Amino acid sequence: MANYFNTLNLRQQLAQLGKCRFMAREEFVDETGYLKGKKVVIVGCGAQGLNQGLNMRDSGLDIAYALRKEAIEEKRASWRKATENGFQVGTYEELIPQADLVINLTPDKQHSSVVSAVQPLMKEGAALGYSHGLNIVEVGEQIRKDITVVMVAPKCPGTEVREEYKRGFGVPTLIAVHPENDPKGEGMAIAKAWAAATGAHRAGVLESSFVAEVKSDLMGEQTILCGMLQAGSLLCYDKLVADGAEPGYAGKLIQFGWETITEALKQGGITLMMDRLSNPAKLRAYALSEQLKEMMTPLFQKHMDDIISGEFSSGMMADWANDDKKLLGWREETGNTSFENSPEYDGKISEQEYFDHGVLMVAMVKAGVELAFEIMVDTGIIAESAYYESLHELPLIANTISRKRLYEMNVVISDTAEYGNYLFSHVAVPLLKEKFMGSLQAGDLGKPVVDNGIDNAQLRDVNEAIRHHPIEVVGRVLRGYMTDMKRIAVGG
């Protein structure tokens, strides 16, 4: 199999990278109608598999779970989750032949083996669904020409898919049809019905492409969503302790600080996040973020370049073939860091203190979000898609750190995201340690900014620059479709 993206000519690559359209709510008047009365079989019962299935069943669809024979016989976690929630469970051979739609929600590294097992069992004219297109785009999986291939990709972890549905809402979602596999022209109808069954149509749906979803998703998770949070956590913790902060306080400020800071980001973008700072602190955070952007642009560009060329995926798949030797080694290294092993802190940190004592963290968030967005757009990815893959998902990932630090983040995200996270942070940490962290001044981290001198013209210009950045312009529009977003952050 060959990387699908690399088989396209330049015009085709640009067309698929740039495919992104915000769908009107009127396009979902039929909601789940196209799949009513049809058999939907989900392969895999992890976070996405279980929670999407629960939503789809509650939306009136016929859902069953196909699991490997060994998983059923040994009553593994996937079998227990499916049966405890009252779903029909069977082997591939029992359930796949009767399915109108087979949804593959197993981890990326299992996709090829799963598809090779289920494809011969699928009836003629059935549909195959994904929630991430890496198997199609990067691996280059070849699907039978009579099979329709679609994607519904929620822009959040599976648990959030379920929680928002229970609230009568949903999560923003990308949908797509693989242009090589839409023999009956029904792919979009299938994808729309599946998305509606998860509740996505109530939060906003983007019609995209497999290519755009994969390339933007990889870029977001490697840089701002996971890589920058990991690098920032390690750097900021070490800096706080080196400056005399109590290790427990330093750990808590970082662990809960990302979540608290990005909650403002979720509700009002970079503008609101920066507005939570005093004016002197805002000016300082802006200056720091500009320094970070200049310093880190080549690193962000390299990640985007390696994603576009397929270099990233080929390296990761080589590690799959080597039993995840690199991934598991990097995971162990992270578990041994000072931040991960910092003591608990019983003291109270107020919500505002996370901002006042975390000016550098705010600057890191601003720089990372803007850089990821800018480079995706420069590469041909449409602004709406770049927004969802940078700013929108960040509070959800930050929330995982608040639970069990970096360990929890790396458990919740996919192995693909975790592998890319380590590639980024392993370069970012020494780069910033050598060229940036030593230039910090009092008030950047762990203490409030004390300089109260304000230049009105400078403040005016900074506010204008923040509010008119392209990610803020598109973000205001997209957040208008998500007026019922619940508050995540609780602080500590």
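Backbone N, Cα and C define each Cβ position, glycine as well.
A quick note: this is a predicted structure, and the numbers were derived from the prediction, not measured.
Same-site candidate for Mg(2+) 2 binding, as annotated by Swiss-Prot with Glu389, Glu393, chosen from Asp217, Asp238, Asp243, Asp275: Asp217.
A Cβ within 8 Å of the Cβ centre of Asp217, Glu389, Glu393, the residues given for Mg(2+) 2, is found for these other residues of the same chain: Lys155, Ser216, Met219, Gly220, Glu221, Leu225, Tyr388, Ser390, His392.
Cβ-based neighbour count (10 Å, all protein chains) for Ser78 (NADP(+) binding site) stands at 21. Residues near Arg68 (NADP(+) binding site) in space but far in sequence (CB under 8 A, at least 6 apart, same chain), listed by position: Thr91, Tyr92. Sequence-distant neighbours of Ser414 (substrate binding site): residues of the same chain at least 6 apart with a C-beta under 8 Å from its C-beta are Pro107, Asp108, His132, Glu221. Taking DSSP states H, G and I as helix and E and B as strand, the domain 'KARI C-terminal knotted 1' (209-344) has 115 helix, 0 strand, 21 coil.
Here the candidates are the binding-site residues Cys45, Ala47, Ser78, Lys109, Gly158. The one whose C-alpha lies nearest to that of Glu389 (Mg(2+) 2 binding site) is Gly158.
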